[in-house]
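Colleague: Take a look at what TrEMBL says about it:
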- ARG225: active site, proton acceptor (ACT_SITE)
- ASP506: active site, proton donor (ACT_SITE)
- 67-129: domain 'Malate synthase N-terminal' (DOMAIN)
- 221-465: domain 'Malate synthase TIM barrel' (DOMAIN)
- 471-587: domain 'Malate synthase C-terminal' (DOMAIN)
- 6-26: transmembrane segment (TRANSMEM)
- 33-51: transmembrane segment (TRANSMEM)
Amino acid sequence: MNNRGTSVSVTYSIGQMGFLYIAVHITKTSSHLIFILYLFLCVIPSIYLRYRIYLPNMSHVDTQLKDVSILGSINNDARKILTKEACAYLALLHRTFNPTRKALLQRRVDRQAEIDKGNLLDFLPETKHIRENDAWKGAPPAPGLVDRRVEITGPTDRKMVVNALNSDVWTYMADFEDSSAPTWDNMVNGQVNLYDAIRRQVDFKQGGKEYKLRTDRTLPTLIARARGWHLDEKHFTVDGEPISGGLFDFGLYFFHNAKELVARGAGPYFYLPKMESHLEARLWNDVFNLSQDYIGLPRGTIRGTVLIETITAAFEMDEIIYELRDHSSGLNCGRWDYIFSFIKKFRQHPNFVLPDRSDVTMTVPFMDAYVKLLIKTCHRRGVHAMGGMAAQIPIKNDPAANDKAMESVRADKLREVRAGHDGTWVAHPALAAIASDVFNKYMPTPNQLFIRREEVNITANDLLNTNVPGKITEDGIRKNLNIGLSYMEGWLRGVGCVPINFLMEDAATAEVSRSQLWQWTKHNVSTSDGKRMDKAFALRLLQEQADSLAAKGGKGNKFQLAARYFAGQVTGEDYADFLTSLLYNEISSAGSAAKL
C-alpha cells in the first residue's frame, strides 16, 4: 500500500513469491520452470515498470480531501468536473509539487536581483554537456501532432471552442492563460466545454443560432494551455494554500480527458507558458510522470510544447527539451511575451531601452537570433519549432485596410516557413486560409524537422543585441497607454482576449506596453520631438487616455479603475511581475467553501 491507494505492484510481489514457491516445488520439468520464472520475474515486473498502475480507493480520496476547500460556486455542469476523485488528485499534485514551485519562484526573484546588479545572462556552464551531446533526442511526434502547420489559439468559452474546432486548421490551442481572464467561472466552464468537446457533445444554441461541430472532416488536434507557474487559483485551496493555477488547469483537463483522448487516437497535449529555466521544465516533467502513473497511462503519453517567451529560457532551450525529452513536442516562439520579458529582465539598464513597439519586429537582431536558435535547437533534437501569432482580425468596413493587414499576415508567415518553422499561430479563423496557403506552398512535407540550420551559430551577445533601429514617439506612448488600458479594462470585466485597433490583443501585448512605459519613464527618455518622458508627463497622458476611453466606453466600464492600477506601472517606480497577478484580486470571487 501507499498513500495513493492500492498499488498493483504489491499484488504482483505477493503473487510472485507465492507462485514461485509453488512452481519450484511442483514443476518438474526445467523448461516449465524456466518459463514460469521468466514470466513472473521479467514480464510482469516490466509491465508494472511500464505502466505503474495505481488504483485510488475511497479511503485515499477521503484522505487527500482533508483540508481541501472550494471557495467558488459549483453549478451542475461544474460538478461533473469538480468530482471528489478529481479534487483528491489536485490535492495530491499540490502537496507533492507546491514546495518546489515556490522555491523556483523565489529563484526567479534571486536571478532578477543578479541581473539588476549587472550580471547579465549567458549559457549555463553546468549544463554544457547537455548542449554539446548530439546523441539525445526529444520524443517522436505524437498522434495528431506530426503536422501542425496552422494552429488556432483562443479562450475556452463554448462559442470559441466550437468555432476553433470547425476551423480549417491542424490544431487548436485551448487557452486558460493569456487570452482568458481567470475568473472562477471562466476557468471551470472552460474545463466543462473542453470535456464536452472531446466527447462531441458541445453543440448549443445562442441568440437563435446553432453552434455544432462539423462532421465532414477530422477535427483539429486539441492542445490545452495551462496557466504559468506564477499564478495561483485562489478559489481552490489545499491546507490553507491556493493551488497553482497551472496545476489546477492541467490537473482537471488531464484527469477527466486523458484516457478519452487516447481512445480517440490523440492524447493529453499541453502548451506550457512563462517558464524561465530548465528546472521549471523538470517540475512539469515530474508532474507528468506522477499523473500518468496515477491513472495508469504509459509514461510518455503526455506531450508538452514549451513557449520560449522569456529571455532566460532562450539560454536554456536544449536543457528544457532535455528535461521534457520523453514528453516534448517542441518549442514555440512566443514573440510578444519574449519582448516583454526582455524589457522586464533588463529594465534597470538604460542600454536596454527599446524604441516604439512597432519598431521591435521579428527581424531586429535580438529577435532574429532567438528565432534562429529556436529552430536549430528543436530540429537538432527532433521536435517541432513553432512560429508565432498573427493577431490581425478582418477589417470588414475598409477593404483597402483589410488587404494591407492580410498582406502583412502573409509576409509574416512566409518569413516563418522560410526560416524553417514547422507551423504557425493564428488568432482568427479568417487567417487560417492565408497561413495554410503559405505553408502548403513552401512546406509540402508534414514538417521541416529535416532542416537543421547547421550554419547558425548564435552567441549570448546575439541574444542580447539591442541595436534596434527606431525612435520613441508620443504616438507610440499613447498607443501603449491605449493598449494597456483597453486590455486591463476588458480583463477586469472577465474578458481576456480584447480586439483593439483590429488586432486581437491578449495579456502579452499589454505587458509589452506597460513595460515600455515603465522603462521610458524610469530612464527619462526623450521623444523624437524633444519631450521628456518623466513621471508628470506619463501620468498626464495616462489620464488623458483613460478619460477619452471612458467617455467612449459603455455604461459601467472600468477604464478609471484600470488607470488607477496602471498609474504605478507607468511611472518608473512600482513594477508588478505580471499585470494579471496585479489585477487578480479584482476578479476573484472567493467566498465561503462549497460542499463537494
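For all residues, glycine too, the Cβ spot is worked out from N, Cα and C.
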Colleague: Within the chain of ASP506 (active site, proton donor), which residues six or more apart in sequence place their C-beta under 8 angstroms from its C-beta?
Modeller: ASP178, SER179, TRP336, TYR487, GLY496, CYS497, VAL498
Colleague: Pop the mean pLDDT for the domain 'Malate synthase C-terminal' (471-587) in here, whole number is fine.
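Modeller: Taking every residue in the domain 'Malate synthase C-terminal' (471-587) and averaging pLDDT yields 95.
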Colleague: Of the residues in the domain 'Malate synthase C-terminal' (471-587), how many are helix, strand and coil by DSSP?
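Modeller: Residue counts in helix, strand and coil order: 71 helix, 8 strand, 38 coil.
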Colleague: Where DSSP helix means H, G or I and strand means E or B, what are the helix, strand and coil counts for the domain 'Malate synthase N-terminal' (67-129)?
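Modeller: Summed over the domain 'Malate synthase N-terminal' (67-129), the classes give 42 helix, 3 strand, 18 coil.
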Colleague: Let me know how many other Cβ atoms fall within 10 Å of the Cβ of the residue listed as 'active site, proton acceptor'.
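Modeller: I count 24 other Cβ atoms within 10 Å of it.
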